[in-house]
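Enquirer: Residues or ranges marked as domain 'RNA 3'-terminal phosphate cyclase' in TrEMBL: 1-290. Positions annotated as ATP binding site by TrEMBL: GLN56. Residues or ranges marked as domain 'RNA 3'-terminal phosphate cyclase insert' by TrEMBL: 136-237. Marked as active site, tele-AMP-histidine intermediate by TrEMBL: HIS272.
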Amino acid sequence: RPQHLSGLEIIRDLCEGKLEGGEIGSTEITFTPGKIKGGTHIADTKTAGSVCLLMQVAMPCVLFAASPSELRLKGGTNAEMAPQIDYTVMVFKPIVEKFNFTFNCDIKKRGYYPQGGGEVVVQMSPVKELRPINLTERGTVTKIYGRAFVAGALPIKLAKDMSAAAVRCIRKEIRDLYINIQPVREPDDQAFGTGSGIIVVAETSTGCLLAGSSLGKRGKNADKVGIEAAEILLRNLKHGGTVDDSLQDQLIIFMALAKGVSRVKSGPITLHTQTAIHFAEQLTKAKFTVTKSEEEDPSKDTYIIECQGMGMINPNV
């Protein structure tokens with residue numbers, strides 16, 4: 001699909017590589033990488049293809065580049081079947097930075113299904129090596145917050161309805177916690193097209209972040225959008241893991257590249273995560289083991305993902 005092709009093209013450009021078979025619908029590609037050089041790169045899906053997926057593809061390369069990189073990613077910022085940009089900034093960023101790197105993510109313009117038209121600028125410097133992470137202590141939930149947004153032709157009332165429905169839903173399970181879900185209307189000059197959605201994040205005493213999110217679409221009641229996000233969050237909290245099911249697979253490549261042993265406690269292993277582990281092992285010689293977590297009460301579906309990382313070293317730093 002367009003975002004997969006854009007992802008391959010940005011990697012090709014980042015490392016002066018050669019790509020054959022790079023067209024929409026292609027079932028086979030040949031990719032020959034060169035030296036990862038950094039610099040400024042533009043990737044445009046020209047659709048509502050997810051900018052977050054482009055970022056995921058580019059990030060491991062950029063970390064081992066010869067110089068700092070600026071990625072201008074264009075497409076959908078809040079798209080179906082992919083993490084919303086708010087998730088990337090609120091959950092993915094603070095957790096992935098535990099691997100010992102930082103990045104800056106500037107949302108220039110939001111873009112929605114079907115046209116996209118969003119733009120995000122990511123700035124990142126290379127690192128010598130990645131540190132392993134240990135996310136095995138969940139702690140207790142200390143606060144719940146989020147944002148419900150509308151953009152374009154939609155009234156702010158929809159955002160308020162999504163927010164209120166999410167709060168009501170969470171209140172049934174978690175009574176005594178302050179919940180702050182801000183209803184916002186995206187400024188017209190910072191959004192392209194019409195869209196709506198919500199993200200709700202739970203923060204724990206040990207610094208874990210777990211989330212639930214949902215997007216509005218035509219004919220879908222605002223309350224339903226809010227409840228959907230709240231239910232995803234509650235489901236993620238129930239399994240007792242330190243990461244939610246969206247973050248699980250996004251950490252695999254970094255665990256594989258890091259030096260030393262990383263451990264992450266999670267809920268049921270998703271198909272995405274199984275796939276990521278399969279290819280990370282083939283590509284990096286890292287070794288993963290997934291075991292049922294013993295200390296949990298047996299009714300909980302909790303696992304430990306452990307990885308002996310390959311200890312990738314950046315020769316340029």
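From the backbone N, Cα and C atoms, a Cβ is placed for every residue, glycine too.
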Enquirer: Give me the Cα-Cα distance between HIS272 (active site, tele-AMP-histidine intermediate) and the residue listed as 'ATP binding site', rounded to a whole Å.
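Expert: Their Cα atoms are separated by 13 Å.
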Enquirer: By DSSP, how many residues in the domain 'RNA 3'-terminal phosphate cyclase insert' (136-237) are helix, how many strand, and how many coil?
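Expert: The domain 'RNA 3'-terminal phosphate cyclase insert' (136-237) comes out at 37 helix, 37 strand, 28 coil.
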Enquirer: With Cβ-Cβ distance below 8 Å and at least 6 positions apart along the chain, what are the contacts of GLN56 (ATP binding site)? List them in sequence order.
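Expert: Expected: GLN250.
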Enquirer: I'd like to know the mean pLDDT over the domain 'RNA 3'-terminal phosphate cyclase' (1-290).
Expert: 97
Enquirer: Report, as a single number, how many Cβ atoms besides its own are within 10 Å of the Cβ of the residue listed as 'active site, tele-AMP-histidine intermediate'.
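Expert: Its Cβ shell of radius 10 Å holds 14 other Cβ atoms.
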